[in-house]
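Straight from Swiss-Prot, the features:
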type: COILED; residues: 417-457; note: coiled coil
type: DOMAIN; residues: 14-82; note: domain 'J'
type: MOD_RES; residues: Ala2; note: N-acetylalanine
type: MOD_RES; residues: Ser204; note: phosphoserine
Amino acid sequence: MATALSEEELDNEDYYSLLNVRREASSEELKAAYRRLCMLYHPDKHRDPELKSQAERLFNLVHQAYEVLSDPQTRAIYDIYGKRGLEMEGWEVVERRRTPAEIREEFERLQREREERRLQQRTNPKGTISVGVDATDLFDRYDEEYEDVSGSSFPQIEINKMHISQSIEAPLTATDTAILSGSLSTQNGNGGGSINFALRRVTSAKGWGELEFGAGDLQGPLFGLKLFRNLTPRCFVTTNCALQFSSRGIRPGLTTVLARNLDKNTVGYLQWRWGIQSAMNTSIVRDTKTSHFTVALQLGIPHSFALISYQHKFQDDDQTRVKGSLKAGFFGTVVEYGAERKISRHSVLGAAVSVGVPQGVSLKVKLNRASQTYFFPIHLTDQLLPSAMFYATVGPLVVYFAMHRLIIKPYLRAQKEKELEKQRESAATDVLQKKQEAESAVRLMQESVRRIIEAEESRMGLIIVNAWYGKFVNDKSRKSEKVKVIDVTVPLQCLVKDSKLILTEASKAGLPGFYDPCVGEEKNLKVLYQFRGVLHQVMVLDSEALRIPKQSHRIDTDG
């Protein structure tokens, strides 16, 4: 199965893999690995001009890796940000002997400065499209005396309301942001719209303020003020003041929310709303890696209710979530259950069934695509009909699994293969260069490998008979795919010391004499070796550690 190909996979040298040391290697381990490779690649050991040139280039690369990893500061930068972090401008002004945490903060500061130039042109578009569907005719049929009316034999499904909203942000300075938003709504043939403009200023690291002006065709001008402030590291408060002008006069409104972190995963909220729909609300929200739990109680005019909801988060690649809630108040009782799942890199599809009195049964379908939301509330019936509940539950599941198998999965697979092929084409030059470097390294190893084999044979030690690296395919696959495996017998034999071979938990593509023959795909290392005159065989994943010889690798020839 193909894996995502990152830029770092193409641009960054793995210095740990090059030296074949652990990421936690001590200075002594680094020095020993450096000396061994220096003896192998030192230009003075080769007389042939071509080999001497190749050795000089590899020697410089090994020296660069050792220089980076032997210095605590550059090593910390490399561990956190890779080779690109070392190339970031501004490190020359950083004081020496900083901790990794301080280096991380400094890097982020430099990165923010670089991004400020792009800030002026950056927006944060957000949009919502809601389409209300009246499908009650599917379940709430008229009496038989009306069935003779022309066209009544087919249920009528209507769109009875729509809502569209959009907003964009325009950063003016590092602390000021302008926000423009608008919305249009229509219900049963009547509609209206509004437009709002807001200016937000970050006053300090602890707070910000926002001024808002709005106008619409159904309501008069709106003036608002929002304030946010961190009172303590665990407590914050927000206040929203609004003045709504209409033909009936001025309608003031005030909303204040006080929140406090009760523990690492739990937040308590206390909300007071005065003026427009006055109410007092308190809630506790607990959010963990595997669950999201909410309990709330509201006393207000005209609505008072109690709410409890729970959401379970599955730890799968599709980020599947199932949820359920119970809401009871003066308006009635509503039970809601549903699920959502990631269907692509930027899209999440969800569906929920709402069953309540006196609302009836509704199906709510929601699609989040990046920062855009598409919402489809479908009203099925005003009554509590088991048939409506059944179809609202089973219908979306059947449609989803059918679409996922017949449309979504094939489309994503085709897109992934297309993207992978494009990445392979763009990486072709880099792969060719890595291949030439690996071949040069193998030529430089020949003399050392000959001496190692002689020493190992004299004591019946470790001899690498054959070694292959890359993507292994079965016999049914196309023969052309077999070129994705390369012979790495010589490079592995060169790493043998005292009848032992130890490879760390890093991609083998960075080892001397190796290269990546199948960029972006899963790879394995297969080794056939001889120890004490007995054949052994082992296969490991690309980033899996390997230590040979081992008794468990022995090939049983008795049977």
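Just so it is clear, glycine is given a Cβ too, placed from its N, Cα and C backbone atoms.
Since we're looking at a predicted model, the values are computed, not measured.
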Give me the count of other Cβ atoms within 10 A of the Cβ belonging to the residue listed as 'phosphoserine'.
9
What counts of helix, strand and coil residues does DSSP assign across the domain 'J' (14-82)?
56 helix, 0 strand, 13 coil
Would you mind giving the whole-number mean pLDDT across the domain 'J' (14-82)?
79
